[in-house]
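Engineer: My structure is below; once you've seen it, I'll send some questions.
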Amino acid sequence: MAIVKRGGRTRAKQQQAPAKVNNGLGAGAGAGGGIQKAEFDITKKKEVGVSDLTLLSKITDEAINENLHKRFMNDTIYTYIGHVLISVNPFRDLGIYTLENLNKYKGRNRLEVPPHVFAIAESMYYHLKSYGENQCVIISGESGAGKTEAAKQIMQYIANVSVDSGNAEISKIKDMVLATNPLLESFGCAKTLRNNNSSRHGKYLEIKFSEGSYQPIAAHITNYLLEKQRVVSQITNERNFHIFYQFTKHCPPQYQQQFGIQGPETYVYTSAAKCITVDGIDDGKDFKDTLNAMNIIGLSQAEQDNIFRILALILWTGNISFVEDESGNAAIRDDSVTNFVAYLLDVNAEILKKAITERTIETSHGMKRGSTYHVPLNIVQATAVRDALAKGLYNNLFDWIVERVNLSLQGNQGQSEKSIGILDIYGFEIFEHNSFEQICINYVNEKLQQIFIQLTLKAEQDEYVQEQIKWTPIDYFNNKVVCDLIEATRPQPGLFAALNDSIKTAHADSDAADQVFAQRLSMVGASNRHFEDRRGKFIIKHYAGDVTYDVAGMTDKNKDAMLRDLLELLGTSSNAFVTQTLFPPNLLSELVDSKKRPETASDKIKKSANILVDTLSQATPSYIRTIKPNQTKKPRDYDNQQVLHQIKYLGLKENVRIRRAGFAYRSTFQRFVQRFYLLSPATGYAGDYIWQGDDLTAVKEILRACHIPTSEYQLGTTKVFIKTPETLFALEDMRDKYWHNMAARIQRAWRRYIKRKEDAAKTIQRAWRMKNHGNQFEQFRDYGNSLLQGRKERRRFSMLGSRAYMGDYLACNDKTGFGRFVVNQVGIKEPVVFSAKGVILLSKFGRSSKRFPRIFVLTKSNLYIIAEVLVEKRLQLQREFALPVHLIKSVGLSQLQDNWVAVCLLSPTTTTPDVFINLDFKTELVAQLKKLNSGLSILIGPTVQYQKKPGKYQTVKFAIGSGPHIPPLIDSYKSGTVTVNQGLPPTSKNPKRPRAKLGKVDYSKYYNRGVRSLAQPAFQSQPTASYRSEPAYPQPTTQLYATQHQPQQPQVPTRTASRKAPPPAPSTQTAAQVSTLPQAARKPAAPARPAKKIAPQPPVKKAVSPQPPAKKTVAAPPPPPPPPALSKPKHPTYRAMYDYDGSVAGSVPLVKDTIYYVLQINGKWGLVKTMDETQEGWSPIDYLQEESSPSASAATQSYAPTTASSNPVSTASSNTYTNTTQATTMLNGSLGNGLADALKAKKSEETTLAGSLADALKKRQGVTRDDSDAEDDDDDDDW
């Protein structure tokens, strides 16, 4: 993008940093940078505890537990430790995973919303898009803590926010990803004592995203260590995998007939544990979800039939039972069962019987093949072979389902490089009897804990040391020693190595292999304090607690290889799904021909765990630490001891301590500059990177431009460290709003241009209409006057030439303001024709009538009378009456100049009565009513009659009076009589509208962007001791001299005055002097910034050339000439002795000790005007005391000359005042001889002072221009 620079730009302007946008730590600020309140809009309940454990006052395990307990009992299950999420399983649905809740986390950082798993998912997806880094989430915790549910919700969130509903292929991938949850839960989860939906396998789901749009285009699932032992045996009150109960309870009819499926109580594998039905598990609904997931993923009907055929085969295999024959060997109890199993497997029944009751042994002599023997098995051995067949079938079936799902999810992976990984793996387990499955599960959890330690604790501290960041080291437990105890091979072999060696030594006899393994344990843990050897058992001190493992059967489980007899049996099957898919021919050949030791289960889990660690290390991790609050699986049951134990072994206290002492964000200098260079005008311009220096200096410039305090960051050798997440969020928010602000700036410039064009067009149109058709408001005024012409005395203000009938005086038709508030409050929907304030005469019981203030609003249909009332000490507006215009029969007025009007209806009622009102714009109201209701009668006479109540007439008399009790221009009501002063004759007419004075167009309204207006001074001078009114600021000296005294000089084009002018010189005129000036001189002055390129000049003759400005000297300029003598005020001045509230209509309130003009005295009332002549009205003369003259001492103090020690700014200010005072006095024609002589004598000094002032203003111009965009050629394009 090309850089287009505006002419005359200064370097200071170009490098000025953009204003920091402060929006309350959250997104949602407006384009104009306005501060908006950040609030938690998801829940309105009071925050319980702290949402981030780093905010705890005491960092102890007990304090963490207490905070989690409070939040858990308040149904708040999520808490942060920095960016780590702590989740406590509620064991019930809290309604926090709805689509509405999900949408509230889209595009929000974690501080704007309460802690939630959705916030973690949003953070992962945001960093994937913003930084292009692979993401993963590690969910850890013991079994039943809620890991699987957290993984499901993360998948749901990412699929929802990343998918374009218009792309069918993307939507299909999303649906398939979500469908993997119910499918793999059915085949891989089971009910245990601790968890009704415990994952009995590990799963790492990797969702791949497209470049640019970051939408899911593929996915891949990695499976880890299925607990296949559960297929054949479970402890009491546990269940087999969910799919067996779903299938047997709700099997379709065709499968019942084809596969002979019956209820779960029929099969040994589903009924032995005596737990068929579980509260909270709906097997029927789950089975429908499983079938639906199969269809979404794309499993054909044939593939589904094969799956359920294998499930039926496994169930019927478990029902094969044995008895002892005469030789003590195992024999089939019921041949019908084996025959049906052979039917399902598509093998010969006799071959099946031999495979599970006999064992084939081959002997060899060197390279020669030996003899083959068929050894019969006893009942225990035959049962083990039967179970091995069932476990092998289910394990391979599960692996095939995962591969088949991956085949459907592979999509177009060639376009994908970025991914988000979700790890859902079995949690830490401690049972009464722990075997090989538990040591594998706990080993994987140890590896995950090691990743957490390396990536959050150790790596963080190591990085601080490497980057030379100030840091206080914190001790922590590194569990690498436990991982080495299990997986190491050298120098000290671990448990897995010992298991493999035991199998190699005694491979034929499982019991002998267990004994060898028990002997090797003494060498494994000889020097490891985390290991204890017991007889037939051993203890490993895991990070989550001590676990005792049984040696018996561990070596046999580690073999993880099907017997050769079983593989040969499966090879004879006629079912291609079995022989080609589940058990391909190469399995048997590898088992027979391979000279290498077969891969054991420990080898597989170790290999898978290391691959998982490498995968997670290549991504940016997020962490969710789940906590199980009880063992009863009941809601609102919180076991403090159990939770405290988990807090300790999860290391939450150490995590909090490191988090509070560390940094929330770190990045290399290059990446930080690439991300945030837009935030500084020195590094970025219009989206282009323009920095020429090194990255470290660019980082400093960006942080300086964004006003980030040094306490919030540290700079290392290669990275920048941001301490708090709030600072990072502020930087991200400013970056997000950069282009938005640029667009808003262009829009403002365009709207400003359009506004000027519209205003100019309106001005021309208004002048044209007035020339051709006259002023409609004045025409309507003349129409209203004609209605009363010759019949009613008129008030002086009604006959002004500038009086026009504008109608809506309260601005009810505007979109904002008091008038709009009024109509909204009372529910007026129609356009308003007339609105004004006034009073109404209401009678009170037991006393005479009294005036009450009211608001009058007239529409085309109704005349509304609105009252302001106090309700519970709050002012409210209430509609008192709504009088239909077409029902108004007449209006009554007197012949005098009063403002009373009686509005009479055809049939008055209690809700729509006649009213007797008083308002200044009575004539205009009558004219509007007459215009809307042409049949309206206007009754004018010495009395006015109206119905006080329906059927009860009230007559009000009017009389001319005088005296102290009747203020001028104000009437007095008493006992049914209104007394008023004499008014203007009834035949009076309005003179022509006075011509407006010509003046320069004020363009400041086009640049109102939060700075001071041109009409407002940059500061307010202190009022004098005698007066409270604000001072009037003088006109700029340059304009007065150039206009009045040098008309012969050619005009120099000037630039439009700056929007933000420098402060003018303080005025030292007293209010008395200001009052003596003519009206033209007393108008508000412009700021004291001169027009460009025009220096102030003294008055000179035509033949004399102006003297060049003298050079600057260090000597202080001479003091200004003395002020002119104080002239006599044009009106008598009075001091207020008491406060007066001005409650009477037409009066002016008085403030004690304030000076006022008194224009006229009539009895006990005086016509009072404020010193600034903004208010005029009647006030009691007894409250005032006449002043002899203005305070001379105040004036003398105000005109004190500037001393030689005054600074140049003060000198220039005094000089500006002097020039202005002289010019103003010359304009008024009242220049004294003494002042004229002083001016002539000081001609050269004034020229020097004027030049100095011009130079000072020119220097100041560069500063003020930077803060102003009022120039016509400045379109706010400084990016």
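Placement of Cβ uses the backbone N, Cα and C atoms for every residue, glycine included.
Sharing the feature lines straight out of Swiss-Prot:
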DOMAIN    48-736  domain 'Myosin motor'
BINDING   Gly141, Glu142, Ser143, Gly144, Ala145, Gly146, Lys147, Thr148  ATP binding site
DOMAIN    740-760  domain 'IQ 1'
DOMAIN    761-786  domain 'IQ 2'
DOMAIN    794-984  domain 'TH1'
COMPBIAS  1038-1056  compositional bias 'Low complexity'
COMPBIAS  1067-1095  compositional bias 'Low complexity'
COMPBIAS  1116-1126  compositional bias 'Pro residues'
DOMAIN    1129-1189  domain 'SH3'
COMPBIAS  1268-1279  compositional bias 'Acidic residues'
Engineer: What stretch in 48-736, 794-984, 1129-1189 has the biggest tally of Cβ pairs under 8 Å against the domain 'IQ 2' (761-786)?
Structural biologist: 794-984
Engineer: Ranking the binding-site residues Gly141, Lys147 by other Cβ atoms within 10 Å, which is at the bottom?
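Structural biologist: Lowest Cβ count within 10 Å among the binding-site residues (Gly141, Lys147) is Gly141.
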Engineer: Can you count the other CB atoms that lie within 10 A of the CB of Ala145 (ATP binding site)?
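Structural biologist: Result for Ala145 (ATP binding site): 25 neighbouring Cβ atoms inside 10 Å.
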Engineer: Among the binding-site residues listed here, Ser143, Thr148, whose Cβ has the fewest other Cβ atoms inside 10 Å?
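Structural biologist: Comparing Cβ neighbours within 10 Å for the binding-site residues Ser143, Thr148, Ser143 has the fewest.
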Engineer: Using DSSP, what's the helix, strand and coil tally for the domain 'SH3' (1129-1189)?
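Structural biologist: Helix/strand/coil tally for the domain 'SH3' (1129-1189): 3 helix, 29 strand, 29 coil.
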Engineer: Measuring CB to CB from Glu142 (ATP binding site), give everything in the same chain under 8 Å that is also at least six residues away in sequence.
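Structural biologist: Listed in sequence order: Arg194, Gly427, Phe428, Glu429, Ala544, Thr626, Lys628, Gln646.
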Engineer: State the count of C-beta atoms found within 10 angstroms of the C-beta of Gly144 (ATP binding site), not counting that atom itself.
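Structural biologist: Around Gly144 (ATP binding site), other Cβ atoms within 10 Å: 24.
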Engineer: Using DSSP and three states only, what is Glu142 (ATP binding site)?
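Structural biologist: The three-state answer is strand.
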Engineer: So what pLDDT does the domain 'IQ 2' (761-786) average out to?
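Structural biologist: Summarising the domain 'IQ 2' (761-786) by its mean pLDDT gives 85.
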Engineer: List the other residues in this chain whose Cβ sits within 8 Å of the Cβ centroid of the ATP site residues Gly141, Glu142, Ser143, Gly144, Ala145, Gly146, Lys147, Thr148, in sequence order.
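Structural biologist: Neighbours within 8 Å of the Cβ centroid, excluding Gly141, Glu142, Ser143, Gly144, Ala145, Gly146, Lys147, Thr148: Asn89, Asn195, Ser198, Gly427, Thr626, Lys628.
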Engineer: In sequence order, what residues of the same chain, 6+ apart, have a Cβ less than 8 Å from the Cβ of Gly146 (ATP binding site)?
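Structural biologist: Result: Ser87, Val88, Asn89, Thr626, Lys628.
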Engineer: Sort the residues of the domain 'IQ 1' (740-760) into helix, strand and coil with DSSP and give the three counts.
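Structural biologist: Its residues fall into 21 helix, 0 strand, 0 coil.
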